[in-house]
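Some features that TrEMBL has for this protein:
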BINDING   Gly7, Pro8, Ala9, Ala10, Ser11, Gly12, Lys13, Gly14, Thr15  ATP binding site
DOMAIN    3-197  domain 'Cytidylate kinase'
Amino acid sequence: MVIALDGPAASGKGTLARLISDHYSFAYLDTGTLYRGVAWLVLKEGGDPADPALAAAAAQGYAIEKIAGADIRTKEVGAAASVVAANTAVRAALLDFQRRFSEKPPKGAKGAVLDGRDIGTVVCPDATVKFFVTASPEVRAHRRWLELVPARPGLEEAEIYQDLLERDARDAARDDAPMAAADDAELLDTTHLSIDAAFAAARRVIDGVFRRCG
Ligand code: CDP
Ligand code: CDP
C-alpha cells in the first residue's frame with residue numbers, strides 16, 4: 001500500500017501525510033527534506049545551488065547524518081531546494097532511495113506515505129492512492145508565514161507570498177519530473193478546510209479505495 005501526496009508549498013501535504021501515517025501505521029517519507037538537505041549542503045560550502053556539478057556531487061554523497069541538526073526549513077533553503085531540484089543528476093541520485101522506501105517501508109510497516117512534487121507521476125506511478133493537494137496562494141503564504149515568523153520577527157508575509165509563487169513556478173516549469181497532478185490523482189483543495197476536515201476527506205478516499213482493493 002502506497003499513498004502519494006503531491007502539491008505546491010504549504011498546501012498541507014506534510015500535515016496530511018503525518019496524520020495518514022499515524023492512522024494507518026504506515027511509514028512516512030517527506031521527500032522535500034532530501035532536496036532541502038542537498039541544497040543546505042551546497043549552501044553550507046558557500047556554493048551556488050545552480051552549479052550543476054556541485055549540486056550533483058552533494059546529491060550523490062547525500063546522507064541524512066550530514067544534515068543532522070541543520071535548519072533546513074528556512075525560506076532560503078526552500079528556494080535553493082527548488083533550484084537543485086531542477087537538476088536531472090540530483091533527481092536521479094535521490095530516486096532509488098525513495099522507490100526503495102515505498103517498496104519496502106522500514107520497520108515492517110504495512111505501507112508507505114510519501115509527499116513531494118512527483119510522487120504520483122514519477123516516484124510511485126502505481127501508488128494505491130494519489131492526492132494532489134492545493135490551496136490558494138494567499139492561504140498558503142499565510143500558513144507558511146505563521147510557521148516562520150516566530151524565529152524571524154519582522155518577516156513580511158508579502159515576501160513569503162512572492163517566494164512561494166516563484167518556487168511553484170520553477171517546480172511546475174522544469175523539464176524533469178515537474179510538479180503535476182497524476183491523471184488518477186484525487187484533487188484536495190484545503191483553502192477552506194481545517195486540518196481535521198482535510199484529514200477526514202482524505203480518509204474517506206483512502207478507505208473507499210482500500211474497501212475496493214479488499
Ligand atoms: O507539506 P506542505 O508544505 O504542503 O504543508 P504543511 O507543512 O503540511 O502545512 C503548512 C502549514 O499549514 C502547517 O503549519 C499546517 O499546520 C498548516 N495547515 C493548515 O493550517 N490547514 C490545513 N488544512 C493544512 C495545513
Ligand atoms: O514544504 P514545502 O512544500 O514548502 O517544500 P518541500 O516539500 O520541502 O520541497 C522543497 C522543494 O524541493 C520544492 O520546492 C521542490 O523544488 C523540491 N521537491 C521536488 O522537486 N520533488 C519532490 N518530490 C519534493 C520536493
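Glycine is treated like the rest: Cβ placed from N, Cα and C.
The number of other CB atoms found within 10 A of the CB of Ala9 (ATP binding site), across every protein chain shown, is 24. Of all the binding-site residues given, namely Ser11, Thr15, the one with the smallest number of surrounding CB atoms inside 10 A is Thr15. Listed in sequence order, the binding-site residues among Gly7, Ala9, Ser11, Thr15 whose CB lies under 6 angstroms from an atom of ligand 2 come out as Ala9. A C-beta separation below 8 Å, combined with a sequence spacing of at least six in one chain, links Lys13 (ATP binding site) to Leu5, Asp6, Gly7, Asp115, Gly116, Phe131, Val133. Sequence-ordered, the extra residues of this chain that approach the ATP site, with Cβ no more than 8 Å from the Cβ center of Gly7, Pro8, Ala9, Ala10, Ser11, Gly12, Lys13, Gly14, Thr15, are Asp115, Val133, Ala135, Arg140, Thr190. Taken together, the residues of the domain 'Cytidylate kinase' (3-197) have an average pLDDT of 97. Around the Cβ of Gly7 (ATP binding site), the number of neighbouring Cβ atoms within 10 Å comes to 27.
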